[in-house]
Amino acid sequence: MRLLYGIRAHHDKIWSVSSHQKLPLLATGSSDKTSAIFRLSETEKFPRVTTLDDTHTRSIRSVMFKPPIDDTVVDENELLDPPTLAMGSFDAKLSVWQAELPQDNDEDMDQEPREIWKQERKVVERAAQWELMAVIEGHEHEVKAVAWNCHGSLVASCSRDKTIWIWETDPDTLEEFECISVLTEHQQDVKHVIWHPTQNLLASSSYDDTICIYRQEYDDDDWGCAAVLNGHQGTVWCSAFEHPKSPSASETTVRLVSASDDLTVRIWSTSKEGSETNHDALPSSIKSSNEMQWDQECILPSAHTYPVYSVVWSSVSGRIASAGADGKIAVYKQTDGVWEIEGVTSAAHGVHEINTLAWSKLDDNREVLVSGGDDGYVNVWE
């Protein structure tokens with residue numbers, strides 16, 4: 001990999017980074033109690049768009065952009081779905097922020113059907129103000145991760161209190177967040193949660209060395225644990241689903257990659273038919289059970305010498321990247337069904353640990369890998 005740019009984002013640890021699915025925006029969460037948003041433009045040297053602060057009293061441990069409401073091509077005259085960011089903090093609270101779309105008073109607006117394009121340009125060029133939409137309370141201890149589902153209607157949060165909360169909202173208004181489920185499967189601190197990119201399937205990673213998979217019960221709207229993935233011999237710090245659009249994805253299989261204190265990165269899989277929640281299409285013998293069969297598919301080639309904190313799966317290239325306490329970033333590629341290490345970058349943040357990774361796209365549509373470390377830097381890699 002080649003380092004494109006190092007962004008001095010914070011003066012304290014960076015715990016989390018998240019890239020917007022459509023706009024060239026990157027958000028960070030830091031021990032300095034703030035989140036910064038940057039424009040992913042190499043030609044402009046990755047300028048800061050805004051800093052979100054004065055909301056949390058302790059470290060911001062997790063940030064995640066909400067997926068756009070409609071991920072299809074829209075009419076040019078329709079309004080942009082405003083970028084929306086969720087944060088989780090060690091102060092046990094969540095917050096949700098949204099960019100206020102600038103009003104365009106150009107006289108030629110009616111003659112130029114480029115409303116969305118104009119709004120996008122202003123949002124990423126620091127013309128938009130960011131508004132605090134909600135502060136969400138419920139957890140008893142530090143929030144370790146937040147995640148939006150693919151529809152932007154559910155937010156999952158996990159905590160040191162060993163619980164996972166699922167919050168429901170109207171993605172159009174974000175007026176209120178109602179807790180619809182509290183999941184208590186884990187026996188220890190829950191480190192991470194992530195939704196499947198196209199299904200309401202949730203994965204959680206924990207200090208108890210396991211990964212739990214959740215979905216709604218077949219007979220009602222309650223959420224329940226559908227599978228417990230055992231195999232790691234240490235804390236599971238992070239997991240990521242493979243996107244169905246990934247070049248390596250199978251039409252019949254759903255896969256998940258996980259990273260752990262045991263120095264390993266593992267891939268797990270289940271049948272796609274068993275993961276989908278179309279109850280009417282299932283045989284009556286299966287409808288009565290919410291259980292799923294997940295198997296460990298493989299352990300990726302060894303690349304790390306200390307705990308692995310972050311793992312991400314590219315929907316564009318199908319590559320997996322991992323990073324952690326040893327300061328290394330490893331990139332893996334699957335060829336003819338076999339996973340190989342494509343490259344390892346050592347001392348990617350000098351002597352500092354790496355806490356977070358994200359696959360992102362620049363404003364010129366190039367895919368890059370973004371890393372955040374204890375040094376307060378966001379590094380952009382190609």
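Glycine is treated like the rest: Cβ placed from N, Cα and C.
Positions annotated as repeat 'WD 1' by Swiss-Prot: 9-48. Sequence-remote contacts of a segment are chain residues at least 6 beyond its ends whose Cβ falls under 8 Å from one of its Cβ atoms, and for the repeat 'WD 1' (9-48) they are 56-65, 67-68, 71, 83, 85, 87-89, 97, 120, 123-126, 130, 145, 355-364, 368, 370-374, 376-378, 380.
According to Swiss-Prot, the repeat 'WD 2' annotation covers 55-107.
Packing against the repeat 'WD 3' (138-178) from elsewhere in the chain are residues 16, 58, 61-69, 84, 86-94, 96, 98, 184-200, 202, 204, 214, 223: each is 6 or more residues past its ends and has a CB under 8 Å from a CB in it. Per Swiss-Prot, repeat 'WD 3' is recorded for 138-178.
The repeat 'WD 4' annotation in Swiss-Prot covers 185-224. Here the repeat 'WD 4' (185-224) has a mean pLDDT of 94 out of 100.
According to Swiss-Prot, the feature repeat 'WD 5' maps to 231-278.
The repeat 'WD 6' annotation in Swiss-Prot covers 303-342.
The repeat 'WD 7' feature in Swiss-Prot is assigned to 349-382. Break the repeat 'WD 7' (349-382) down by DSSP state and the numbers are 0 helix, 20 strand, 14 coil.
For the repeat 'WD 7' (349-382), the residues of the chain that approach it from at least six positions outside its boundaries are 1-19, 24, 26, 28, 30, 38-43, 46, 124, 309-317, 321-329, 331, judged by C-beta separation under 8 angstroms. Broken down with DSSP, the repeat 'WD 1' (9-48) shows 0 helix, 18 strand, 22 coil.
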